[in-house]
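Undergrad: Take a look at this one; I'll ask things after.
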Amino acid sequence: MDVGIEEPRALYQKRIPIVTRSVKGRFRNFKWGVMVLAYAVFFGLPWLPWTRHGVASQAVMFDLGGRRFFIFDLVMYPQNVFWLALLLFIAATFLFFATSLIGRAFCGYFCFQTLWTDIFIWIEKLVQGERPARIRLQRQPWDREKILKLGVTHALWLLISFWTGMTFMLYYGYAPDLLVRFFTGHAAYAAYVTVFALTATTYAAAGLMREQICAYVCPYGRFQSVMYDPETLAVAYDARRGDGSMGRAAPRAELKIHAIRQQKGYGDCIDCGFCVQVCPAGIDIRDGLQYRCISCGLCIDACNNIMDSVGYPRGLIRYDSEANLALPQPAKPHIHWKRLKVVGYFVALGVMTGALVYSIATRTNFEHDVQQIRQPLYVVLSNGDIRNRYQIRLTNKSGADMEYRITTQGLPPGALDLGEMQTVKVHSGNSVIVQASIKLTPQQVGKYPRFDFVITPLSAPEDKVVEQVNFYSRTDEQ
Amino acid sequence: MSQEKLQSHTVQTTGHAWDGDLQEYNNPIPNWWLYAFYISVLAAIAYWFTYPAWPVGKGFTTGFDHITYVNDKGVTKTTHWNTRALFMKETNEAVAAQKPYFDKVAATPFEQIAKDPELNSFVVSAGKQLFSDNCAACHQQGGGGKMGFAPNLTDDDWLYGGHYANIQQTITNGRHGYMPPFAEVLTDAQITQLADYVLSLSHVAVNPDSARAGDALFHSETAACYYCHGADAKGRQVLGSANLTDSIWLWANVPGAGTIPLKEAAVKNVIRQGLNKGVMPSWKDRLSPEQIKLLAVYVHELGGGK
Ligand code: SF4
Ligand code: SF4
């Protein structure tokens, strides 16, 4: 290899603008589908009403002030934050799982950067025309047409960016009310900062930086690439078929017929460059798998269209695995799931999803926490009795005010003292601390090393919980 | 294939060569990266002007930004931005946020507070903080007290009374417990008898004859213990004299002493030397009436109430 015999080059590089050609095909359709769904969810969700008593009737709302998240009929409190941890674990494992099977599937179809860049490119095309027209416009001097077209493009980009930031903010309050407050200047300072920051970053990331985010900023792509195996499916150019022994060639008159081409040793690639022109990452997939490729499949669509038009078989660029491509006779590409790693990810995914579903399904609508007071661990009373104290925290997560009764189980009658609180009333969404003390005579002490607290919501006795605790005392009195 | 590709693409290097052929690849980073660096330099300069930064002679550049807060004397102050002033300002805000709760505690009768779970929860959390900051130095974190030094607040014995009003009074004005030394008036034998009597009240198996003699002495004019501790030896809360008949000891570590002679010695020591250390300072100059009221509820609850 002949490297390094060159003039030094600048340390910084100007971005070479990528002007993509639009394309039609299976992967493009799939991308549209994902996009419509994702945008419908993101932009529509804050406006979805939901009947809920006492609080705003919004299906999904992140109530930071009240420290709870409303997600349809599920209300999340800080105590439930481990659901979030589980969810993140599941998401990460799912990513690993999908990546080892079909490569960077996330990047090309589901990533926010991809989705927003896609819509921005679509607008660009809508206003300025197809690739050749856009390239012409770029070269054109700054005349009326250029100013107008670029102005409209950027204005539309900014509008979408603004609405993106706005929508994000609307999740943190009651949307209709928040919207009015925002435009009348009565929203919180943080709301304006959030909207401004998201507008600016969306505009910069999807409009100006695009593939540079994937190449230089995103850490996700980096670690996804290292999870590839030889069996992983990835967008690949079949070099053997495309290049043949003589290389690529345009379908000149004498090289049009597939059989003749093959006979002469020319590959199927007609060197039309379509696959390069449609690539949002600005790469040539025919150079082999590259770290910039986001696996969007658009080059597959482009090449399949070309193959159709010249009447050669499809699939010169396709989802295939390195291992399969290296075979003398490549088989039909398929997903290789029978691998220890993949099965391992799948099992982890199953276990964690099960745990999350179980935990959510069996949630009670109140949270309890019983703690023994350890300073001091026990107290000797004037008549020699021993007292232990416990702090019980109750959080009412149901939508209504609730009353609870605290009793004990496995203790002689009269041992429990709750002060003035016969029943404990807790307003919806609030927490209270109850101090409970247990008093035992020196003779009783040794017989009750542990006992249970029973907390019963009066309106739903079937939800009662039992919590076992210890009773401490001096050993010589036991 | 990639082999063949690489050959047609020469790789950029920085142009340096060591040892004849050792070279360094150049992967240029994008221009905006450079601009981002310039922008952060500009931001640093803006920061320098906005906030206190450089020492100049005996002073320093104070920046443009100002901060206004109310100091502990209630005077509103405006100064150049600094973290100390910011802390004061945030403290002001935190105090203002707590005020409605303290006001509610101040306006609610004691029994009512204990019955209201949500108000009581505030008392527990705010009380814990106040207690740690002010009371824990003597009464220990958690209120367990220290034998011979500060009473245990978590038991059911109250030297000066365990009702809310008593506790509030104790915190507000402080207390000063005093017991004269009896070494000057009594013989050692008499002191032993008194100690045995006091121990017998708490069911310690001492010499009954000695205890009987002590009983007589206790109620006689010679020792006159009953003046303060009462004829039934149960103490008098107006004076803060201890109840000698219960199992709780503050000044003599009777439960901690292993043998009866040691228990005897501990009690004798108190009788002989008297006490002039049961001093609880007054908190009215340091804590506000609302804070004291809240602490009273908290302490009352520590001891399970009375
Ligand atoms: S090479 Fe193909 S799959 Fe990869 S980013 Fe470009 S168009 Fe998408
Ligand atoms: S689109 Fe297909 S035929 Fe055209 S250059 Fe790319 S690989 Fe070759």
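Counting starts with 1 at the first residue shown.
Any Cβ shown, glycine's included, is placed from N, Cα and C.
Dumping what TrEMBL says about this protein:
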- B:32-50: transmembrane segment (TRANSMEM)
- B:122-202: domain 'Cytochrome c' (DOMAIN)
- B:CYS135, B:CYS138, B:HIS139, B:MET280: heme c 1 binding site (BINDING)
- B:MET179, B:CYS225, B:CYS228, B:HIS229: heme c 2 binding site (BINDING)
- B:209-303: domain 'Cytochrome c' (DOMAIN)
Undergrad: Quick one: mean pLDDT on the domain 'Cytochrome c' (B:209-303)?
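TA: For the domain 'Cytochrome c' (B:209-303), the model's average pLDDT rounds to 92.
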Undergrad: Expressed to the nearest Å, what is the distance separating B:MET280 (heme c 1 binding site) and B:CYS225 (heme c 2 binding site) at their Cα atoms?
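TA: If we compare the Cα positions of B:MET280 (heme c 1 binding site) and B:CYS225 (heme c 2 binding site), the gap is 23 Å.
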Undergrad: In the three-state scheme derived from DSSP, which category covers B:CYS225 (heme c 2 binding site)?
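TA: B:CYS225 (heme c 2 binding site) sits in coil per DSSP, no helix or strand.
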Undergrad: Which value in Å gives the longest Cα to Cα span across the heme c 1 site residues B:CYS135, B:CYS138, B:HIS139, B:MET280 as recorded?
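TA: Comparing all Cα pairs, the maximum is 10 Å.
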Undergrad: Find, for the listed binding-site residues B:CYS228, B:MET280, the residue with the lowest Cβ contact count at a 10 Å cut-off, counting only other Cβ atoms.
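TA: Each of the binding-site residues B:CYS228, B:MET280 was scored; lowest Cβ tally within 10 Å is B:CYS228.
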Undergrad: With H, G and I counted as helix, E and B as strand and the rest as coil, say where DSSP puts B:MET280 (heme c 1 binding site).
TA: strand
Undergrad: Same chain only, please: residues at least 6 beyond the ends of the transmembrane segment (B:32-50) with a C-beta under 8 Å from a C-beta of the stretch. Say none if there are none.
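TA: Sequence-remote neighbours of the transmembrane segment (B:32-50) are 61, 63-65, 81.
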Undergrad: Measuring Cα to Cα, how many angstrom lie between B:MET179 (heme c 2 binding site) and B:HIS139 (heme c 1 binding site)?
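TA: Distance between the two Cα atoms comes out at 21 Å.
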Undergrad: What three-state class does DSSP give B:HIS139 (heme c 1 binding site)?
TA: helix
Undergrad: What are the DSSP helix/strand/coil residue counts across the domain 'Cytochrome c' (B:209-303)?
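TA: The counts are 42 helix, 6 strand, 47 coil.
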Undergrad: Whole-number Å only: compute the distance from the Cα of B:CYS138 (heme c 1 binding site) to the Cα of B:HIS229 (heme c 2 binding site).
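TA: B:CYS138 (heme c 1 binding site) to B:HIS229 (heme c 2 binding site), Cα-Cα distance: 25 Å.
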Undergrad: List the other residues in this chain whose Cβ sits within 8 Å of the Cβ centroid of the heme c 2 site residues B:MET179, B:CYS225, B:CYS228, B:HIS229, in sequence order.
TA: B:TYR226, B:TYR227, B:SER241, B:ALA242
Undergrad: For the heme c 2 binding site, please report the maximum Cα-Cα distance among B:MET179, B:CYS225, B:CYS228, B:HIS229 in Å.
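TA: Among the residues the record ties to heme c 2, max Cα distance equals 10 Å.
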Undergrad: I'm trying to understand the geometry here, so how far is the Cα atom of B:HIS139 (heme c 1 binding site) from the Cα atom of B:HIS229 (heme c 2 binding site), in Å to the nearest whole number?
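TA: Counting only the Cα atoms, the answer is 24 Å.
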Undergrad: How many Å separate the Cα atoms of B:HIS229 (heme c 2 binding site) and B:CYS135 (heme c 1 binding site)?
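TA: B:CYS135 (heme c 1 binding site) has its Cα 27 Å from the Cα of B:HIS229 (heme c 2 binding site).
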Undergrad: Starting from the heme c 1 site formed by B:CYS135, B:CYS138, B:HIS139, B:MET280, give every other residue of that chain whose CB sits within 8 Å of the mean position of their CB atoms, in sequence order.
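TA: Counting only non-site residues, the set is B:ASN134, B:ALA136, B:ALA137, B:GLY145, B:ALA150, B:PRO151, B:LEU153.
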